[in-house]
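Peer 1: From Swiss-Prot, here are the annotated features:
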BINDING   19-28, Asn110, 137-138, Arg214, Asp252, Asn365  substrate binding site
REGION    23-43  region 'Disordered'
COMPBIAS  25-37  compositional bias 'Polar residues'
ACT_SITE  Glu174  active site
ACT_SITE  His250  active site
ACT_SITE  Cys371  active site, nucleophile
Amino acid sequence: MKSYEVNFDGLVGPTHNYGGLSYGNVASQSNSQQGSNPREAARQGLAKMKALADMGFKQGVLAPQERPDVAALRRLGFSGSDAEVIQRAAADAMPLLVASCSASSMWVANAATVSPSADTADGRVHFTAANLNCKYHRSIEHPTTSRVLGAMFNNEKHFAHHPALPAVAQFGDEGAANHTRFCSAYGEAGVEFFVYGRSAFDSRYPAPQKYPARQTLEASQAVARLHGLSDDGVVYAQQNPAVIDQGVFHNDVISVGNGEVLFYHEDAFLETDAVLGQLRAKLASKGGNFQAICVPRAAVTVEDAVRSYLFNSQLLSRDDGSMLLVVPEECRNNERVWAYLGQLTSQGGPVNEVKIFDLKQSMQNGGGPACLRLRVALKETELAAVNQGVIMTASLYDTLLQWVDRHYRDRLGEADLADPQLLVECRTALDELTQILKLGSVYPFQRQP
């Protein structure tokens, strides 16, 4: 049976703004308080989805969340009508309103961790929504994320959904941004690679000193248990604390893997040789031939990697065995990174083409091509069981472009977040979107009695 990797990209929401909310994320911090363009941001994301679909890659779309999150503000003590809640939050606690308006759910690499059916004990595709408890503005996402994923993958025969892990620091879980999978074919058993920043319960593990390590070993282990993964199909690795302190807040900022290939920076991991040895041996036991492409620090510094988002790229496998690397425009603008990519594609290795996308609106908030997508490996029968309303087609692309142009503002600043009309605009847009994508009532405002 045929099998595919399907990339489900996050659709940028109507409240996309530069709130500077993500400590440890260099771009998010440095672009704080700039004016944003939600319409352009959504269009840039859709353009990438359409281009990859046109190239023959399986592509889907993941809906944004209702923002501002009025219910979250009510839990923090603001009362009155929805408009009054927003106005009172703006007057008394603007940072809380900014957080409640974040469109960060666009970075769906953090939405969940996904294990394909070939790896799991019960032969179903497993999803665990990420609790994202390190940052308040992201910690409020997972209830809606779970409902949206449930509406997309709504077939108990093929799909199993788990709620987020306990929302405490010991089980900090950032989803697929710290997870990748190696395999000889998407429908065959593979090796799942979990990368963590610290251990919550074992002080022998080192930890970063400046920025927080958002993923714990214990969270990764819990997800592997929930998904019914076998020990011979899992490798755990600790991310180098020194690179976390340089702005590598998720592993997908310093490495990317797909198929049998890991593309990584020399400084990405602790005990790199041992990690690569485990990956090589475990993949070999499943009939795969692991290939590691190391980018030396002499060619690309960690600072260059963070500024260009070289590793926050999409590594895509073609049917002929060659690979395409999808990178942001910022890679071409970095002389050392661009020189390295020229060498990479001319060496005769698996990566023989680089494709550039303008994702500036997302990049300025610290999210590149890899942040914007959630990968789901599916067999043909499983793909047929997915809600077909979320699969990207030329028709859906045109419909979504028109939807964006109708509902999204072309400029948004902090002061605009206090406008109650923005909530009305967002709910109107999302109500229409659920009909376009055939999701049903997944948003809180649609579920109120």
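For all residues, glycine too, the Cβ spot is worked out from N, Cα and C.
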Peer 1: Hey, how far is Arg138 (substrate binding site) from Glu174 (active site), Cα to Cα, in Å?
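Peer 2: Computed Cα spacing between Arg138 (substrate binding site) and Glu174 (active site) is 10 Å.
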Peer 1: What residues, ordered by sequence, lie under 8 A Cβ-to-Cβ from Asn110 (substrate binding site) and sit at least six positions away in the same chain?
Peer 2: Ala130, Leu132, Arg138, Glu174, Gly175, Ala176, Ala177, His250, Cys371
Peer 1: Can you name the residues of this chain that are 6 or more positions from Asp252 (substrate binding site) yet have a C-beta less than 8 Å from its C-beta?
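Peer 2: Counting only residues 6 or more apart in sequence, the Cβ neighbours of Asp252 (substrate binding site) under 8 Å are Ala109, Ala176, Ala177, Asn178, Phe311, Asn312, Ala370, Cys371.
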Peer 1: For a quick check of understanding: among the recorded positions Arg138, Glu174, His250, Cys371, which residue's Cβ has the most other Cβ atoms within 10 Å?
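Peer 2: Within the set of recorded positions, the most crowded position is Glu174.
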Peer 1: What kind of secondary structure is His250 (active site) part of, going by DSSP in three states?
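Peer 2: Going by the DSSP assignment, His250 (active site) belongs to neither helix nor strand, so it counts as coil.
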